[in-house]
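Look at TrEMBL and you will find C:Arg347 tagged as substrate binding site. Summarising the annotation, TrEMBL assigns domain 'Aminotransferase class V' to C:13-291. Positions annotated as N6-(pyridoxal phosphate)lysine by TrEMBL: C:Lys201.
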Number of protein chains: 4
Amino acid sequence: MDRYFAPGTNHLFVPGPVNIPDHVIRAMNRNNEDYRAPPIPALTKDLLEDVKKIFKTTTGTPFLIPTTGTGAWESALTNTLSPGDRTVSFLIGQFSLLWIDQQKRLRFNVDVIESEWGQGANLEILAEKIAADRAHTIKAVCIVHNETATGVTNNLAAVRRILDEYRHPALFLVDGVSSICALDFRMDEWGVDVALTGSQKALSLPTGMGIVCAGPKALEASKSAQSVRFFFDWNDYLKFYKLGTFWPYTPSIQLLYGMRAALDIIFEEGLDNVIERHSRLGKATRLAVEAWGLKNCTQREEWFSDTVTAVVVPPYIDSTEIVKRAWKRYNLSLGLGLNKVAGKVFRIGHLGHLNDVQLLGCLAGVEMVLKDVGYPVKMGSGVGAASAYLQNTIPLIPSRI
Amino acid sequence: MDRYFAPGTNHLFVPGPVNIPDHVIRAMNRNNEDYRAPPIPALTKDLLEDVKKIFKTTTGTPFLIPTTGTGAWESALTNTLSPGDRTVSFLIGQFSLLWIDQQKRLRFNVDVIESEWGQGANLEILAEKIAADRAHTIKAVCIVHNETATGVTNNLAAVRRILDEYRHPALFLVDGVSSICALDFRMDEWGVDVALTGSQKALSLPTGMGIVCAGPKALEASKSAQSVRFFFDWNDYLKFYKLGTFWPYTPSIQLLYGMRAALDIIFEEGLDNVIERHSRLGKATRLAVEAWGLKNCTQREEWFSDTVTAVVVPPYIDSTEIVKRAWKRYNLSLGLGLNKVAGKVFRIGHLGHLNDVQLLGCLAGVEMVLKDVGYPVKMGSGVGAASAYLQNTIPLIPSRI
Amino acid sequence: MDRYFAPGTNHLFVPGPVNIPDHVIRAMNRNNEDYRAPPIPALTKDLLEDVKKIFKTTTGTPFLIPTTGTGAWESALTNTLSPGDRTVSFLIGQFSLLWIDQQKRLRFNVDVIESEWGQGANLEILAEKIAADRAHTIKAVCIVHNETATGVTNNLAAVRRILDEYRHPALFLVDGVSSICALDFRMDEWGVDVALTGSQKALSLPTGMGIVCAGPKALEASKSAQSVRFFFDWNDYLKFYKLGTFWPYTPSIQLLYGMRAALDIIFEEGLDNVIERHSRLGKATRLAVEAWGLKNCTQREEWFSDTVTAVVVPPYIDSTEIVKRAWKRYNLSLGLGLNKVAGKVFRIGHLGHLNDVQLLGCLAGVEMVLKDVGYPVKMGSGVGAASAYLQNTIPLIPSRI
Amino acid sequence: MDRYFAPGTNHLFVPGPVNIPDHVIRAMNRNNEDYRAPPIPALTKDLLEDVKKIFKTTTGTPFLIPTTGTGAWESALTNTLSPGDRTVSFLIGQFSLLWIDQQKRLRFNVDVIESEWGQGANLEILAEKIAADRAHTIKAVCIVHNETATGVTNNLAAVRRILDEYRHPALFLVDGVSSICALDFRMDEWGVDVALTGSQKALSLPTGMGIVCAGPKALEASKSAQSVRFFFDWNDYLKFYKLGTFWPYTPSIQLLYGMRAALDIIFEEGLDNVIERHSRLGKATRLAVEAWGLKNCTQREEWFSDTVTAVVVPPYIDSTEIVKRAWKRYNLSLGLGLNKVAGKVFRIGHLGHLNDVQLLGCLAGVEMVLKDVGYPVKMGSGVGAASAYLQNTIPLIPSRI
């Protein structure tokens with residue numbers, strides 16, 4: 001018996017870890033195996049080939065590292081850069097802040113471009129810096145595609161255009177933790193050199209696998225990068241890829257089978273349909289927020305995130321209370337406001353294996369919590385706004401037509 | 001990969017089989033075991049003791065039969081009656097119809113009291129028949145506590161009062177398939193002689209266990225009942241109860257562990273709280289139906305069911321289309337109209353392991369389907385009516401306060 | 001935590017319920033579903049087609065009944081016979097005894113041919129009775145293919161020859177509970193009219209599905225059979241087969257998906273390879289028994305069972321003690337001696353999803369228990385005799401070559 | 001369907017990843033959860049307290065890091081040492097070799113004490129080095145408690161005695177990957193400063209959690225250690241320990257619940273009983289090897305490992321063939337010989353959740369494989385030698401007495 005038992009299902013709407021499909025839970029419901037016998041290398045080989053599709057790359061080399069997103073960040077940085085290297089990084093929320101902190105503590109020389117929380121990366125300043133950097137002292141531009149703390153999606157194509165415009169050779173490193181497999185992401189087309197995500201986000205697996213994909217320029221850089229590394233060293237992986245055994249150390253058997261099932265599901269739905277589904281769910285959530293008369297933390301439409309919405313509460317309400325109450329009364333898990341926006345926003349994660357009715361349940365739950373904390377919400381208003389839009393746009397389920 | 005894959009969770013709102021709690025799914029995720037070794041008898045002994053609580057009986061003897069509700073019916077009848085015996089039975093919907101059919105085919109002399117579908121059992125006629133039956137030719141009164149086809153709950157206390165008034169010795173046999181563990185049911189207090197349910201209903205298990213509870217008068221009757229029986233014979237169970245091995249044939253190991261987990265959850269929440277939760281969910285559903293401007297198939301408030309609501313659709317809409325579309329477009333499973341009300345009603349099952357946000361999701365889904373089929377529903381109206389009521393009445397989750 | 005926790009795996013060698021493959025456990029690890037929506041009928045349709053293969057029939061009609069083997073017996077009898085009908089039945093052990101008891105209590109006129117426990121069905125007497133029965137008063141010959149209590153396999157082809165020789169129209173009803181899917185069984189070739197098994201035997205599923213297959217003559221007989229029946233009535237199934245909804249009452253969703261997985265595994269290995277595997281494991285077990293200097297309860301080689309071996313212990317040993325000790329000290333589950341052979345034999349079940357190394361572990365465990373109870377066994381003798389044979393005969397695993 | 005399907009269970013006898021108890025598989029069979037809501041911190045708090053028991057420490061601080069044993073190594077080194085620091089490390093097999101490689105690549109100055117593979121750490125040379133190091137240039141002694149490649153267990157108490165004798169302040173860092181929870185290990189008594197293991201070894205979980213325990217001296221050292229680190233930095237954990245939220249980044253929900261179940265099982269059996277069980281299984285395996293006339297790779301009894309046995313094959317046999325054949329013909333997974341002993345030894349892992357009958361099955365399997373590859377083994381000899389010993393020494397299962 002769980003210590004915090006509640007009747008009915010838990011409604012998991014934090015922006016990660018997200019709901020795992022039953023199909024995937026079943027696939028992982030298994031004993032360990034010898035990872036040196038033929039099945040695991042055969043399975044891994046297929047996964048490495050297939051996982052490239054979610055990055056939309058044919059030239060990248062993926063690494064499935066037994067770690068979290070934080071470890072994936074470290075892998076991206078230490079394999080491509082040397083201590084003292086100048087990076088340009090955007091501070092726009094809690095996760096970009098943490099990545100910047102990591103860059104600093106890993107001894108890179110971080111050139112921070114800060115924006116107000118709720119805004120996207122300031123690409124004008126980036127353009128200025130790139131333009132000014134004739135000496136190519138900037139070794140990497142590091143950007144969080146989707147800032148999970150504020151629900152802000154950055155424009156990666158624009159970053160690439162800036163680098164191209166000035167023919168700047170800086171590496172383009174992208175945190176796609178809360179975007180890849182949910183938002184439009186095109187590694188090859190946008191010339192991303194390293195992209196990464198974590199298994200517990202849009203892939204809808206348990207935590208435990210950092211998925212890093214390195215383009216040819218990044219692999220080349222790894223040959224001379226001087227950062228001290230061992231566990232995260234791509235070179236060890238590459239050595240075992242050549243041997244056909246694939247693993248420098250023991251992988252999680254369960255996560256590998258789970259990833260197979262997760263990719264199967266994504267390909268069954270179609271990656272672009274998955275992205276379209278997230279787009280609809282994101283839009284529906286924003287319509288609800290508007291109907292409630294509340295503000296989106298994201299300041300401009302161009303930055304609206306389709307995986308997470310940070311909702312600003314009126315000053316007389318503590319958003320932490322909303323999150324607590326949602327869990328204590330409705331078995332509904334919402335995301336807290338973090339750091340600068342703690343107490344000021346709560347977050348609705350709408351990514352991963354999720355459908356319209358699930359989201360509408362969540363929105364109905366949020367309405368009840370808002371009422372609980374004294375916000376004068378009209379019951380049904382947000383749900384109605386969202387469902388009116390969804391009913392208009394949701395396709396029939398292809399396998400059921 | 002399931003052949004009919006759809007993103008997100010399936011929203012299961014048929015009135016059985018119902019959602020299984022994760023805790024129970026985990027408990028059943030296991031290999032077979034020798035059912036003659038000590039663990040299974042020990043487990044069974046506790047279950048037999050504990051299951052009496054959901055019937056609110058201390059004097060009853062429960063039987064956990066590897067069968068469905070239909071088999072449980074047969075067990076109730078053949079153990080207590082002899083061919084040719086007169087039973088009084090109420091025809092008020094599809095499930096009472098099927099039970100009557102069984103009574104006839106098992107060669108009992110069924111005295112049917114029919115009502116319009118949507119009405120409850122006509123107890124006035126029962127009273128007349130009982131009053132007239134000075135010779136005590138009526139051997140049993142058979143009643144479906146909750147008619148799942150129409151969402152009608154019958155008044156069992158009133159039946160008992162009638163029998164008592166006339167000091168009539170007829171057995172009182174109750175189908176509690178869609179009521180026990182969800183609606184107020186009191187075997188001892190109401191003098192029910194045999195009550196029964198199925199594992200896949202409010203107990204929230206898989207199908208496969210018919211749970212029959214026999215009171216002392218029924219056990220006594222079983223000694224002289226002449227109906228031919230073997231598989232369903234209580235006597236074989238009683239023999240093995242005495243031996244302490246409990247099973248005349250092989251039980252499902254998984255269902256036994258599952259039932260342990262299911263009862264643990266019910267007792268953790270508290271049976272009366274479970275019933276109260278169903279009461280709230282039932283009321284909320286009816287408020288939504290009203291807000292949509294639709295009619296409840298159940299004709300009077302006294303018969304409203306808190307486990308299933310049959311919603312009448314306007315004549316220009318085929319309710320079958322609603323159920324199909326819900327499944328094809330929203331991954332929402334609703335109940336069909338059956339037999340006389342086929343095409344005319346669809347059903348929302350709101351029983352078992354379920355909470356407010358789940359129900360609100362379902363109601364939002366129903367609104368979208370209604371729009372799909374051309375009914376002029378105001379989006380959010382039903383959800384809002386329901387959530388306004390629920391927000392007012394739902395308690396904090398005790399384990400989380 | 002299980003109340004009877006022990007380190008390591010439980011070694012399940014009772015002759016049912018047997019070990020469930022992990023693949024099947026995974027397939028059943030799921031929530032309930034609406035059984036009236038398209039997936040369940042589609043799944044059922046395929047199962048009904050595929051399950052015929054394990055009976056080796058193309059003309060039979062299968063029924064997947066939510067019941068146990070005992071219920072499957074009742075289904076076979078009540079659908080084909082009328083009260084007072086004469087059946088010929090063989091009493092050779094506990095399970096044939098129970099079936100005879102059922103036949104009597106269901107009011108058939110049972111003509112019992114008894115043999116010593118450890119012997120097969122006496123077919124000479126059958127031949128005499130059939131020869132003498134010019135009036136065709138014998139309506140059915142009922143035989144247990146494999147008597148699980150004594151490890152005796154009967155010769156079904158010989159029964160058919162006898163019936164054919166005398167052109168006797170009696171129905172040929174076969175209990176294949178511990179044989180079908182493990183021993184050579186040929187419904188069509190042997191002219192079996194009804195064959196049945198239970199899910200928890202060689203199919204390696206949980207208990208809960210009685211699988212009955214009726215040939216054309218049996219179906220014809222069901223039209224006039226006068227036995228009272230409802231739950232077990234084939235006619236209700238046939239009605240729903242025609243409608244394409246397949247289920248007269250709610251099936252276990254989990255068992256249906258489990259059966260799909262179980263059949264997939266059986267077909268992957270190949271049914272004849274499955275039978276060959278059982279043949280090897282049976283032979284290996286008997287070699288071990290011989291090496292231990294113990295006697296097989298089965299008196300002649302022609303009756304040796306490849307699914308269960310009943311081992312006779314010396315008079316100074318209580319076989320019940322062996323079974324208890326195996327479980328208490330080695331986490332090894334063996335079968336008890338039943339009824340007449342209680343205390344005198346213990347049983348090793350070697351059916352279902354099982355391989356050579358599992359069996360050898362069991363045999364090593366039995367050696368330790370024999371030593372425990374004072375039998376002067378040479379440690380390693382039985383295992384060595386078995387493994388010498390197995391090493392000579394086991395094929396490479398086809399998927400791994 | 002698994003691509004490499006085989007009938008029966010896979011017999012997993014590699015020295016990791018090892019068999020997961022069903023109880024633990026069940027506990028992990030679940031959806032994700034919000035790791036910031038109360039249940040996960042509450043669960044983590046208890047785990048951190050309880051996990052200390054498997055290290056036999058009351059003063060240590062544990063870290064549950066989402067990584068493998070390799071990452072746990074890195075965590076132990078980078079948190080306590082600075083680049084250029086002198087470590088003393090023993091090269092006695094593949095895993096000590098890899099750790100030494102890591103120490104070098106992380107820029108420590110490794111003073112390697114090499115022994116022949118099959119021997120334990122040369123503690124005489126250690127004593128000399130420690131004695132000579134008056135200037136305390138040695139900052140850490142790094143030792144693999146149990147070298148998994150050769151089945152050699154080192155004497156940690158003796159290492160501590162040497163350090164104490166010379167009052168040398170070097171940190172004592174222990175890789176307990178294939179020892180902790182299976183072999184006698186006493187962190188506090190032996191003055192171990194950092195000990196570590198991986199979840200997929202004796203804890204019998206999936207891979208994915210590196211468990212590192214730091215003593216007070218190590219924690220103190222971490223304050224001044226100059227190695228660059230972020231993901232593996234203990235300080236981030238300590239910060240969140242203080243906050244009571246415990247996690248600097250997302251943990252695997254499933255592994256946390258799994259660890260709870262795994263520890264519950266270990267404590268139920270009793271840690272010392274677990275160790276005693278490994279001792280018996282190790283001894284039994286060695287008796288089998290002896291009976292087969294084969295040599296143990298481990299050269300002296302004092303180094304015999306109770307978690308893994310490396311068996312030397314005659315020169316005319318390729319041990320790789322044994323491992324391949326075991327898997328291809330018997331569904332038995334054995335460990336390969338690695339690096340210097342590739343082709344020369346195969347390994348039997350006998351650690352984790354395992355019992356006597358499982359091991360005896362494995363040994364019987366090995367006998368068949370030996371016969372396959374042309375080694376003149378007497379069938380049953382090894383199993384008999386092992387079972388004679390086990391039968392003499394195995395206790396009754398306490399919960400079943």
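All positions are counted from 1 along the displayed chain.
Just so you know, glycine gets a Cβ as well, placed from its N, Cα and C.
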Length of the line joining the Cα atoms of the residue listed as 'substrate binding site' and C:Lys201 (N6-(pyridoxal phosphate)lysine), in Å: 15
Mean per-residue pLDDT computed across the domain 'Aminotransferase class V' (C:13-291): 98
Cβ contacts of C:Lys201 (N6-(pyridoxal phosphate)lysine) (under 8 Å, same chain, 6 or more positions away): C:Pro15, C:Gly16, C:Pro17, C:Val18, C:Gly69, C:Val177, C:Ser178, C:Ile180, C:Cys181, C:Ala182, C:Leu351, C:Gly352
Assigned element (helix, strand, coil) containing C:Arg347 (substrate binding site), judged by DSSP: strand
Number of Cβ atoms other than its own within 10 Å, given for the residue listed as 'substrate binding site': 26
Helix, strand or coil at the residue listed as 'N6-(pyridoxal phosphate)lysine' [DSSP, three-state]: coil
